[in-house]
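**Q** Just dropping this structure here.
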Amino acid sequence: MLEIHNLQKSYSTGDKALKGVNLSVQPGELLGLIGPSGAGKSTLIRCVNRLVEPSEGRVLLNGKDLANLGRHDLRMARRRIGMIFQEYALVERLTVMENLLSGRLGYSGFWPSWFRRFSPEDIRLAYALLERVGLDGMHNKRADALSGGQRQRVGIARALMQKPDLLLVDEPTASLDPKTSRQVMRLVLELCREHGLSAIINIHDVVLATEYLPRIVGLRAGAVVYDGPASAIDTHVLTRIYGAEDWSSITDRMTGTTVPGDEQAARVATIAIAAE
């Protein structure tokens, strides 16, 4: 489905954001991407659909090398990739419905897009997705009037408007409170299973990642240092990904053994991971 071979990204400063990343994602597979800030997680996701141009390597989606496509062919290939952003990437002055329908722009010609003319089928799909993500009746509300959780739900529905094969999800819970974060994660994974989608989800919360995602890939300094089941994440793996630290409060939360007196320490440790 998705095959990444020797993916590298270097900047003009000489900094290397990605160092020979090799990764495969099977149809319907859900993968969590974790690592410290600056590890290359967002860069990796953006290199897949070439929002960031890779310096070297191959990115194969259903056998087609995205890294070497011309502009027109890349536009066609991007139809199959849905993107969900940390900061939602909504047009604030537009309504929820208008933001959703923008997910169909890759299938529309210039003039229909310019005049915002969409097919009855697209409009029906938009209403159905709004209902599915819990925003029924909010189609005429402006994006800037929504809460953070509601905006993320619009972003999720917009990505599904593309009818993609693959979802790239970049920090979907970073700006959300713990309850909303769990709701959003459940929603994303439920929709992936309902639509048979594969997903790469960049997420800073290790406990949330291991709770919801069966496979975890850990990046450090642009290189993959762990690729395996969430159930195998322990203090040794966390040290390999993030560096030396007392990870007991995190691993206790992952295994459900945190006692009430340890909850504050666990929260502090989680914040420390996100800040690194």
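Here the Cβ of each residue, glycine as well, is placed from N, Cα and C on the backbone.
Dumping what Swiss-Prot says about this protein:
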DOMAIN    2-246  domain 'ABC transporter'
BINDING   Gly35, Pro36, Ser37, Gly38, Ala39, Gly40, Lys41, Ser42  ATP binding site
**Q** What are the sequence-distant neighbours of Lys41 (ATP binding site), meaning same chain, six or more residues apart, C-beta distance under 8 angstroms?
**A** Leu33, Ile34, Gly35, Asp170, Asn202, Leu219
**Q** Quick one: mean pLDDT on the domain 'ABC transporter' (2-246)?
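**A** Looking only at the domain 'ABC transporter' (2-246), pLDDT averages out to 92.
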**Q** Which number gives the other C-beta atoms within 10 angstroms of the C-beta of Pro36 (ATP binding site), all protein chains shown included?
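**A** There are 19 such Cβ atoms around Pro36 (ATP binding site).
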**Q** Including all protein chains shown, what's the count of other C-beta atoms within 10 A of the C-beta of Ala39 (ATP binding site)?
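**A** I count 25 other Cβ atoms within 10 Å of it.
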**Q** Between Ser37, Ser42, which of the binding-site residues has the fewest other CB atoms within 10 angstroms in the structure shown?
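**A** Selected from the binding-site residues Ser37, Ser42 on minimum Cβ neighbours within 10 Å: Ser37.
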**Q** Could you list the residues of the same chain, at least six apart in sequence, whose Cβ is under 8 A from the Cβ of Gly38 (ATP binding site)?
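**A** Long-range Cβ contacts: Ala221.
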**Q** Quick check: with Gly35, Pro36, Ser37, Gly38, Ala39, Gly40, Lys41, Ser42 left out, which same-chain residues have Cβ atoms within 8 Å of the centroid of the ATP site Cβ atoms?
**A** Thr43, Leu219, Arg220
